[in-house]
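Right, one structure below, let's go through it.
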Amino acid sequence: MDETKIPKKLQSDDEENISLISSLPFDVDFDSTKLFKYQGCWYDDKTLQGVLNFQRGFEPQDTDIIIASFPKSGTTWLKALTVALLERSKQKHSSDDHPLLLDNPHGLVPFLELRLFTETSKPDLTSISSSPRLFSTHVAFQTLREALKNSPCKIVYVWRNVKDVLVSFWYFNSAKLKIEEERSILDSMFESFCRGVINYGPSWEHVLNYWRASLEDSKNVLFLKYEELKTEPRVQLKRLAEFLDCPFTVEEEERGSVEEILDLCSLRNLKNLEINKTGKTLRGADHKIFFRKGEVGDSKNHLTPEMEKIIDMITEEKFEGSDLKF
């Protein structure tokens, strides 16, 4: 492949980005999409444009909250929980004008590189007037750290068993393209995941770098495990509230505020909200494709024992020396 050949859709974009992208290592993923390797992660050209714009132009505020994750790791749920936590001082969870009843979690907590910075490094963010401002990202920690420019804003990271991530991504990709879930596509995705050549991959390094950051700076980086959010939601929600400096009071706990938020943000409830059944994101994706099962271990219904064994071996090798286990 010619490393200097840039897809036509980038020709009118920022020359600095084009010059940088043309110099990067590249490969192709499961559907032959060309990916470029930047700061240890793989990105398609359009996503990388947004990453570079964000990294160059973002002006963080110390009160900002960034929700970070590898794709399909529980991002939508974490966004909903965070919004509900911060909104509880303003209105009741049952209020008809609660933000979660009026917009999808991804509309309420916009992606930096996938929405706000896709076209420019200086987007108008004045419409995001709330304090703290809520943003989200899938970029690797080393890339995010550079963009934050030493700001002490809060970062909340959620991680999930990569086998469930893979299956969730397969379903999501099929729903987004409005095609059937073909086994051959899952097999190709599996190969890309194992090589690490997948958008935002490799997933293992993505998780490890945020985990290390949470150990080094626990005051500003919170590391949540999706499976623990599922098995002990009350404990993890209170932990999140403490981290965001909005802990539940004794009175709130006694009147059931924790349970109210968990019910409001449950997959069952979010999935059945009118806004999530019929709405679309600004990029044209149906809201409903962000809600499927959310079950722990669903990958066993789709991956062969050999595929599971291979992923387990890679995980053991990648996580050796850490306390991380799926």
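Glycine is treated like the rest: Cβ placed from N, Cα and C.
All protein chains included, Arg160 (3'-phosphoadenylyl sulfate binding site) registers 25 other Cβ atoms within 10 Å of its own Cβ. Secondary structure from DSSP puts Arg160 (3'-phosphoadenylyl sulfate binding site) in coil. Feature annotation from Swiss-Prot assigns 3'-phosphoadenylyl sulfate binding site to Lys72, Ser73, Gly74, Thr75, Thr76, Trp77, Arg160, Ser168, Tyr226, Arg292, Lys293, Gly294; the stated evidence is similarity to another entry.
DSSP assigns His138 (active site, proton acceptor) to coil, not to a helix or a strand. Within 10 Å of the Cβ of His138 (active site, proton acceptor) there are 24 other Cβ atoms, across all protein chains. The active site, proton acceptor annotation in Swiss-Prot covers His138.
Under the three-state DSSP scheme, Lys72 (3'-phosphoadenylyl sulfate binding site) falls in the coil class. Within its own chain, Lys72 (3'-phosphoadenylyl sulfate binding site) has Arg160, Val165, Ser168, Phe169, Phe172 as residues 6 or more apart in sequence whose C-beta sits under 8 angstroms from its own. On the backbone, the CA of Tyr226 (3'-phosphoadenylyl sulfate binding site) and the CA of His138 (active site, proton acceptor) stand 16 Å apart. Taking only the Cα positions, the spacing between His138 (active site, proton acceptor) and Gly74 (3'-phosphoadenylyl sulfate binding site) is 12 angstrom.
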